[in-house]
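Q: Right, I'll just put the structure down here and ask away after.
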Amino acid sequence: MPAVLGFEGSANKIGVGVVRDGAVLANPRRTYVTPPGTGFLPGDTARHHRAVILDLLQEALTEAGLTSQDIDCIAYTKGPGMGAPLVTVAVVARTVAQLWNKPLLGVNHCIGHIEMGRLITGATSPTVLYVSGGNTQVIAYSEHRYRIFGETIDIAVGNCLDRFARVLKISNDPSPGYNIEQMAKRGKKLVELPYTVKGMDVSFSGILSFIEDVAQRMLATGECTPEDLCFSLQETVFAMLVEITERAMAHCGSQEALIVGGVGCNLRLQEMMETMCQERGARLFATDERFCIDNGAMIAQAGWEMFRAGHRTPLSDSGITQRYRTDEVEVTWRD
């Protein structure tokens with residue numbers, strides 16, 4: 001019964017999780033929150049992570065009721081993500097692995113999300129919609145790879161939402177995307193926005209530039225409210241995501257859809273995906289903010305799968321990479 005400790009810190013969330021044989025024993029997390037109208041810079045984010053990561057490690061062990069002797073492997077996020085935060089986590093993971101004399105595993109962040117989603121929901125072979133602040137991909141498993149069927153050709157959907165939140169000076173606590181979701185529930189007018197689907201891919205930079213350009217003018221003239229703009233942006237970008245996911249499901253003959261990533265806990269996105277799945281006679285799987293948002297347990301779970309399949313990361317290869325595509329990883333733990 002291997003127990004794996006996972007470190008995640010690729011963006012503004014820092015988490016340490018413990019997983020043993022499909023059970024999440026601990027999953028504490030902290031978030032670096034910046035003032036409204038601002039984003040988070042790599043250096044500042046890394047300093048935040050350095051300040052709390054050891055406390056999180058102790059918290060995770062205490063919550064799991066384990067000691068260092070009970071841990072069989074140390075997993076960490078190798079990438080993709082922001083350079084400085086990734087380095088912070090990698091250094092701590094390497095140090096802990098050497099101090100405790102445990103094997104080390106570098107995990108692809110995207111695959112961590114997928115394996116966590118499969119564990120929590122019980123989905124067997126779903127078409128995956130992976131949506132977050134740094135990534136937007138439609139993925140399906142085939143022949144020991146998570147194949148990317150469609151993706152953003154510029155910015156991620158979460159980045160689009162976050163940057164629009166800065167235009168309206170929406171709070172970053174607990175997250176700009178969550179606050180946009182709450183404001184969108186009060187929106188009543190649908191403002192027409194650019195809808196850009198290119199085959200299996202999507203583009204969000206144009207819609208962001210457009211809404212950034214017209215927002216203040218439309219608000220000043222009373223043409224719409226901030227809530228209307230949040231509602232319109234959500235409806236448009238989510239419709240784009242549902243379209244490419246449905247196309248991938250049709251291509252794969254899939255009867256399961258799984259939403260993962262931080263944007264995946266948006267209830268309106270889940271509702272739109274559920275409608276599409278019902279029309280296809282398919283089933284939707286999704287999780288809540290405990291597991292959708294970046295967390296240590298997802299890295300521990302992917303690490304657990306890799307550990308059982310015989311994977312190990314030598315110290316000489318235990319660096320980080322900001323660009324680490326989902327389909328680069330050979331998925332030897334699945335048939």
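Yeah, the Cβs are placed from backbone N, Cα and C, and that goes for glycine too.
When I checked TrEMBL for this same protein, it listed these features:
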type    : residues                                             : note
DOMAIN  : 29-300                                               : domain 'Gcp-like'
BINDING : H109, H113, Y130, D294                               : divalent metal cation binding site
BINDING : Y130, V131, S132, G133, G134, D162, G177, E181, N266 : substrate binding site
Q: Restricting to the domain 'Gcp-like' (29-300), report the mean pLDDT as a whole number.
A: 97
Q: Using a 10 Å cut-off, grab the number of neighbouring Cβ atoms around the Cβ of S132 (substrate binding site), all chains included.
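A: S132 (substrate binding site) is surrounded by 25 other Cβ atoms within 10 Å.
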Q: Hey, of the binding-site residues listed (H109, H113), which one tops the CB count within 10 A?
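A: The residue with the most neighbouring Cβ atoms within 10 Å is H113.
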Q: Round to the nearest Å and give the CA-to-CA distance linking S132 (substrate binding site) with D294 (divalent metal cation binding site).
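A: Just about 9 Å between their Cα atoms.
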Q: What are the non-local neighbours of N266 (substrate binding site), defined as same-chain residues 6+ apart in sequence with CB under 8 A from its CB?
A: G177, E181, Q234, F238
Q: Taking the mean position of the Cβ atoms of H109, H113, Y130, D294 as the divalent metal cation site, which residues outside that list, in the same chain, have a Cβ no more than 8 Å away, listed in sequence order?
A: S10, C110, G112, I114, S132, N135, V260, G261, G262, M298
Q: Restricting to the chain of D294 (divalent metal cation binding site) and a gap of 6 or more, list residues whose Cβ falls under 8 Å of its Cβ, or answer none.
A: E8, S10, A11, K13, G15, R29, H109, S132, G262
Q: Give me the non-local Cβ neighbours of G134 (substrate binding site): same chain, 6+ apart in sequence, Cβ-Cβ under 8 Å, ordered along the sequence.
A: S10, A11, P80, G81, A156, G158, N159
Q: Non-local Cβ contacts of Y130 (divalent metal cation binding site) (under 8 Å, 6 or more apart, same chain)?
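A: For Y130 (divalent metal cation binding site), the qualifying residues are C110, H113, I114, T136, Q137, V138, I139, V260, G261, G264, T326.
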Q: Applying a 10 Å Cβ distance cut-off over all chains shown, what neighbour count does G177 (substrate binding site) have?
A: 26
